[in-house]
């Protein structure tokens, strides 16, 4: 990795992997840290996954190599692309496609359950990409909304092929992996299984989640959850279209032999859709000419290494025998697919490199001398047209640059074993900025991460490498976590709260100061959540004490809403629906501020006040409905609720002041007391706040029951079998 900067105070540093400048941290996965990379010339954005070779076991590194080989096999518009691979002795860098829309999981949390039309769009794209993978004998085995990303146009990208496997012919898979919420019964039971059938089950669970906003199988107790999955009994909500219900039952089928195939799914009436909808995506043809390989010298070494890392071709002698066979077979098809990818996208040394001055910089994993289609070896590409620098940062003549390259500065490492001492990818000596083609230095964008390496006593930089994604440095603990994660996958990812890292966490290059990022998957921070959502309500001819009392009145009349007082004119509230699963239900947190619009302080008894509602976190749609309910009470011409409303909202309450100590006291008197408290506070008297009511009304302005949230949706019972639940009566279709 290269670090460039300017001497003197306020120096800015930039870390590079090849031509890509590293910026903010996007997330932390199971095997490495993921950072945003920007090309120093084209400004292309990529996601760079940094894998620490020294802190991961050999089996985990083999999984990373297998993921690289699988991503080379797949070229599909709805599969995340692998651009390049860089490496040095200590680190491996995967340069992946960057998408800005975030995870489908976060989209579902923010928007709630989707309309059948939007769900069909996403589902078609998932099936199209999965069909392409299966046609190349690749099974994903870890499909879930967290691993489905969205680009800027809300199109799907399937990501994270770390659990993927190559299933050749009629062979079956044995490894139990994935998340238990999306895993099929045969995987849960530990039986041999067909990876293609397992992916179909996972797609059925995902489709159910898109349409319902909840999972068909859910339980806080893992043992109970696994039993539910093995039984395969789930509740089918009434609002799902009948055609889609039959599709879901065919995909979420316990008997793998009766489970629908991708071919049947693509012919299903719901998948095809109506006349006014676009046609389903057609399969992408990919024809590769399979020819005979006369001898071992005709076999490309890079392709052979990639096939060996796939896992199912570990017997190298048998693989070579199959490749040299005159008959067409699966091995030859995969070989020529990888060879075709290598010939169409050759990996050569970079030419647009920034200045670098390191002992062991990241080197691009380039192609070895390979055979062309005519059986002749291509000359090895030796491009040395890159500006080199001395220790002081001055340019080096071209001849000396070539000499430095001959001493290992730009070795073509294929296996990853490179000479020289290990250097952290996150620190290196200062050098001058690399000039752009026009002669001016490249501007450093605002917000570029700054990292200043500490000086050792000898005056050499002390590298601070990123910590390993594994827990601790104990080998047995690493192995234990690997075994656990291989089966459970990410069982809590579907329950995690959407966390936005602080600016310090985003700019820091080491994950030690970013513990919250470890809870997110690789690409969980692609989506931009910095935009604030505010709603303003203007109130005239009401004193401040009355407005504050009305706000508290509205808070207490909404079931499952709690609040706290921040200051004289500010409140913080949280709406959290009770009785439903926490899968896609996120609490709404917001702040309420009261400001006087005609002066600095509210000194007048009556005037014009502005009440500002600011969304802090949670679904915006539910936030708007909560605010609409509060706004209706604030703008009401009557200070007191109607008699009918009072009869519906009468509760047993106690107030700390002792003014209300008997059950059955009307709520109107209760809020008169609140107004009096605020009035006393304004006059300088010590006010005592009433305690929270011990019981909330079962009827409120948001719905017919406490279980109905601002969205008007009846929540599913938590921890109860979905099969025992009757059809939701209060749930209504989305607009």
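In case you wondered, yes, glycine gets a Cβ from its N, Cα and C as well.
Record features, source Swiss-Prot:
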type: ACT_SITE; residues: 142; note: active site, proton acceptor
type: BINDING; residues: 26, 27, 28, 29, 30, 31, 32, 33, 34, 49; note: ATP binding site
type: COMPBIAS; residues: 411-429; note: compositional bias 'Low complexity'
type: MOD_RES; residues: 175; note: phosphothreonine
type: MOD_RES; residues: 261; note: phosphothreonine
type: MOD_RES; residues: 295; note: phosphoserine
type: MOD_RES; residues: 383; note: phosphoserine
type: MOD_RES; residues: 394; note: phosphoserine
type: MOD_RES; residues: 424; note: phosphoserine
type: MOD_RES; residues: 456; note: phosphoserine
type: MOD_RES; residues: 460; note: phosphothreonine
type: MOD_RES; residues: 464; note: phosphothreonine
type: MOD_RES; residues: 510; note: phosphothreonine
type: MOD_RES; residues: 513; note: phosphoserine
type: MOD_RES; residues: 521; note: phosphoserine
type: REGION; residues: 346-476; note: region 'Disordered'
type: REGION; residues: 492-516; note: region 'Disordered'
type: REGION; residues: 682-735; note: region 'Disordered'
### Task
Count the other Cβ atoms sitting within 10 Å of the Cβ of residue 28 (ATP binding site), across every protein chain shown.
26
### Query
Per DSSP, to which secondary structure element type does residue 28 (ATP binding site) belong, with helix, strand and coil as the options?
strand
### Message
Measuring Cα to Cα, how many Å separate residue 34 (ATP binding site) from residue 175 (phosphothreonine)?
### Response
27
### Query
Which site among 30, 175 has the most other CB atoms no more than 10 Å from its CB, taking these as recorded positions?
30
### Message
Give me the count of other Cβ atoms within 10 A of the Cβ belonging to residue 32 (ATP binding site).
### Response
25
### Message
Tell me the coarse DSSP state (helix, strand, coil) of residue 175 (phosphothreonine).
### Response
coil
#### Entry: Other CB atoms within 10 A, centred on residue 142 (active site, proton acceptor)
23
### Query
What number of additional C-beta atoms lies within 10 angstroms of the C-beta atom of residue 34 (ATP binding site)?
24
### Query
Rounded to the nearest angstrom, how far is the Cα of residue 32 (ATP binding site) from the Cα of the residue listed as 'active site, proton acceptor'?
18
